[in-house]
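Visitor: Annotations per Swiss-Prot:
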SIGNAL    1-20  signal peptide
DISULFID  Cys41-Cys67  disulfide bond
CARBOHYD  Asn144  N-linked glycosylation site
ACT_SITE  Asp218  active site, proton donor
DISULFID  Cys220-Cys237  disulfide bond
CARBOHYD  Asn238  N-linked glycosylation site
CARBOHYD  Asn253  N-linked glycosylation site
ACT_SITE  His293  active site
CARBOHYD  Asn320  N-linked glycosylation site
DISULFID  Cys343-Cys349  disulfide bond
DISULFID  Cys371-Cys380  disulfide bond
Amino acid sequence: MHVNTLSVLSLVGLVPLAAARLSGSVGPLTSASAKAATKTCNVLDYGAAADKTTDLGAPLASAFADCKTGGLVYVPPGDYALESWAQLSGGKAWALQIDGTIYRTGTDGGNMIFIEHSSDFELFSSTSSGAMQGLGYEFHKDDNWSGPRLLRLYDVSDFALHDFILVDSPSFHLSLDTCSNGEVYNMAIRGGNHGALDGVDVWSTNIWIHDVEVTNKDECVTVKSPAQNILVENIYCNWSGGCGMGSLGADTNISDITYRNVYTWNSNQMMLIKSNGGSGTVSNVVLENFIGHGNAYSLDIDSAWSSMSTQSGDGVEFSNFTIRNWKGTEANGAERGPVKIICPNGAPCYEMYIEDFAMWTEEGDEQWYTCQSAFGSGFCLQSGSDYSSYEATTSTATSAPSGYSAPTMASDLTRDFGSTVSIPIPTIPTSFYPGATPYSALMGAQSSASANVRAVAFGTSAVVSRAGSSSRPAQTGSFLTKSTTAAAGSIMGPTAAAVQGVCAPPAGQGRGAARYGGHRRHGHRH
């Protein structure tokens, strides 16, 4: 049993369960073990070679073609070259298990692996060490920032992506485009120290992203438009750009978003919501349990963001924001204060609430808070309900607030990785927020477990699986299992075996935990 524990700090001010924002179940509908039992397509049988030279593109596409209607595509341990990109379209009830490392050798734009129009899908590494190495520095040293993305999912439903590593993309690392009912977790993303190298970008519906570490100098985990019912938690922005929303332009449509348990170290910001003109709305947002150290900005809602051109419209309207339990320090509060809420004069923000927010400057002895056309409570936010525009107001603090002290993480980086030399492949951490245990143990750490197992046929060998489920009575606002009582088992390759442990629910939430196939389908009600 894998038990979730949270520090006293991270328990402060947790929102009601209904605020978790997911609208329904997330994850694949059938297990990876069931998919593998239907059919297994090993890329080595289609011409691939783990020699870091032979192009994996065609063998991967051929293996997918044979397993796309039900099966598991398997990339065994080893080093593979990818010269021609893989566009994998139209899959149903399939999985992609990458236990090897895929090195970019091609130079085209686009997406190295592009998965689209698929359902009931899972991408994972059973060893938690499978990776894509984009070798982006080969582009970046020539000041070229428009190379390929590593991994993009488009129009994919009921899916999971986990226990996988993305390194040094020439461009963005992971994009979730118009997807639904998905879960992303237990990942490490490490990019160059430069803009335009986004970690995770999501514009989708009903997505749970948790237990992810990002190193780069642009987006950590960022929500773009349109997006609804996104839950982002246990995020480690370790020398990154930081989390955010945007850039937001015309017809913005974002609602029911929660970020919680976000730790940000030496980054551009803890949270940046950026727009410049535009139209539409961002509503029903919770930003809670944020810890930051050494960041340039902390809370930055900027409707006049100068790094984007002005869009047509009176501005994006922000409403019903709860910002709760922020602790830590910013780099220099006199230069960049911890609270900056600049709303459009043509579309003032309203119902903006800041609670239990205590941060202090690392340099100097003062910091400022500034608001413009923003209504609610806390710091410089104005009260009232007429929501008339007003010019920016600034207040200055010259003494530290009580309770601002916050822990650091042992894995906080002491330097960046630059952008012109090769970046090493990291291991996935086992902690992403101080005092919080990941909801699911790493698959690679579970292979030695021995309780409650049974063998499941896998070709001529056996895969060890966790049988059945643990359960609690269903409660409103709890996570529930859905659509399966199958045995749980990760696919470790033709001769290996693994056991899946039971993951812990989000803090304060009971959840039945039928586990299967390296993953489980979560139901969330509120």
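Note that Cβ sites are derived from N, Cα and C of the backbone, with glycine treated the same way.
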Visitor: Among all chains shown, work out which of the glycosylation sites Asn144, Asn238, Asn253 has the most CB atoms within 10 A of its CB.
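Guide: Its Cβ has the most other Cβ atoms within 10 Å: Asn238.
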Visitor: I'd like to confirm something. Which of the recorded positions, Cys67, Asn253, His293, has a Cα closest to the Cα of Cys237 (disulfide bond)?
Guide: His293
Visitor: Taking the disulfide-bonded residues one at a time (Cys220, Cys349), which has its Cβ surrounded by the most other Cβ atoms within 10 Å?
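Guide: For the disulfide-bonded residues Cys220, Cys349, the Cβ with the most other Cβ atoms within 10 Å is Cys220.
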Visitor: Cys67 (disulfide bond) to Cys220 (disulfide bond): how many Å between their Cα atoms?
Guide: 33
Visitor: Do you know which of the disulfide-bonded residues Cys67, Cys343, Cys380 has the most other C-beta atoms within 10 angstroms of its C-beta?
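Guide: The residue with the most neighbouring Cβ atoms within 10 Å is Cys343.
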Visitor: In the structure shown, which of the recorded positions Asp218, Cys237, Asn320, Cys371 has the fewest Cβ neighbours within 10 Å?
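Guide: Checked Asp218, Cys237, Asn320, Cys371; of these recorded positions, fewest Cβ neighbours within 10 Å: Asn320.
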Visitor: Taking Cα-Cα distance, which of the recorded positions Asp218, Asn238, Asn320 are within 10 Å of Cys349 (disulfide bond)?
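Guide: Those near Cys349 (disulfide bond) - Cα within 10 Å - are Asn320, in sequence order.
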Visitor: Of Asn144, Asn238, His293, Cys343, Cys380, which recorded positions are close to Cys220 (disulfide bond), meaning a Cα within 10 Å of its Cα?
Guide: Asn238
Visitor: Under DSSP, is Cys67 (disulfide bond) part of a helix or a strand, or is it coil?
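Guide: Looking at the DSSP assignment, Cys67 (disulfide bond) belongs to a helix.
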Visitor: Looking at Cβ-Cβ distances, which residues of the chain lie under 8 angstroms from His293 (active site) while being 6 or more apart from it?
Guide: Thr264, Trp265, Asn266, Gly328, Thr329, Glu362, Ala406, Thr408, Asp412
Visitor: Under a three-state reduction of DSSP output, how is Asn238 (N-linked glycosylation site) classified: helix, strand, or coil?
Guide: strand
